[in-house]
Amino acid sequence: MHKSVLLKEVTDFLSNPCPKIHIDATLGLGGHAKALLEVCKDTFLIGIDKDENAIEIAKEKLKGFNAVFYHGSFKDFDIVLKEEGLLYFDSILFDFGVSSLQLDEEEGFSFQREDFLDMRMDKRQQKTAYIVINTYKEKELADIFYKYGEERLSKKIARSIVEKRKKKPIETTKELVDIVSSCYPYKYSKINPATKVFQALRIEVNSELEDIKIALSKLLDFAKEGSKFAFISFHSLEDRLVKEFIKNNADKLKVCSKKPITPSDEELLYNKRARSAKLRCAKLCYNEKKDEAFDS
């Protein structure tokens, strides 16, 4: 069962005061959206997600609320706003994590299942993890694993993949896990050796970091005085982009806390997938002092 990460913290921040127009740019199964709409009855929600299955589930969950739904990337939030005849939003949420639905279904996101190497969040796109693993050159694979997964054995793993696929295509997550694991000289106790490679593949297949950059580059163009921004990231590459955005706009943004908000010990007891989550939030304030964090 999917549990929305940092649910209380996000809801408390976004609902004080309640937004008239809220964009959940990564709607998922609608957990964050429902929590906000239960508090803010008059809020108009625009929900966007790449995963069509997730949208259908969210629609059911959010029946009776004032909401519209779009199948697409969070980077296109501005196009969606224009389709609704709107010029700006009052608040926006980005949750950059993979949903439990995607991890639990046969989508190739999880190395704990034996699935076909897919990893597409949006099934309309052509590129899959299978295509990346079986057609990219050795150097391209090594660069992806190092850049997006911060994998120190990137070259060795890429070399091994290329050797293996000469005999037969690498088709399943288990095959890939076995190849990556064989490159490690000893067994890792804390994380599966394939964790970083799977992260890198997911980012490459779905253009995740590029989409984040695009979204951040136009965010302020569709915000107004007092508009709120909430970002949930799950690894340093995502968080770094958000930090840079906030830093580069320090003269316009007021952060809700100096450091990112992380899950409480209580949340981690029932939601282990939240352990790496970080929430950064800010509001657009042209006319306020920015030297102190505000209380959400």
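Count begins at 1; order follows the chain as displayed.
Even glycines carry a Cβ here, placed using N, Cα and C.
Under the heading S-adenosyl-L-methionine binding site, Swiss-Prot lists Gly30, Gly31, His32, Asp49, Phe77, Asp95, Gln102. Residues within less than 8 Å, Cβ to Cβ, of Asp49 (S-adenosyl-L-methionine binding site) and separated from it by at least 6 positions along the same chain comprise Thr26, Leu27, Gly28, Ile55, Ala58, Phe69, Tyr70, His71, Gly72.
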Largest tally of Cβ atoms lying within 10 Å of a Cβ, found at which of the binding-site residues Gly30, Gly31: Gly30
Three-state secondary structure, which DSSP defines for Gly30 (S-adenosyl-L-methionine binding site): coil
Nonlocal residues around His32 (S-adenosyl-L-methionine binding site), in sequence order (Cβ under 8 Å, 6 or more apart): Ser4, Leu7, Val10, Thr11, Asp24, Leu93, Asp95
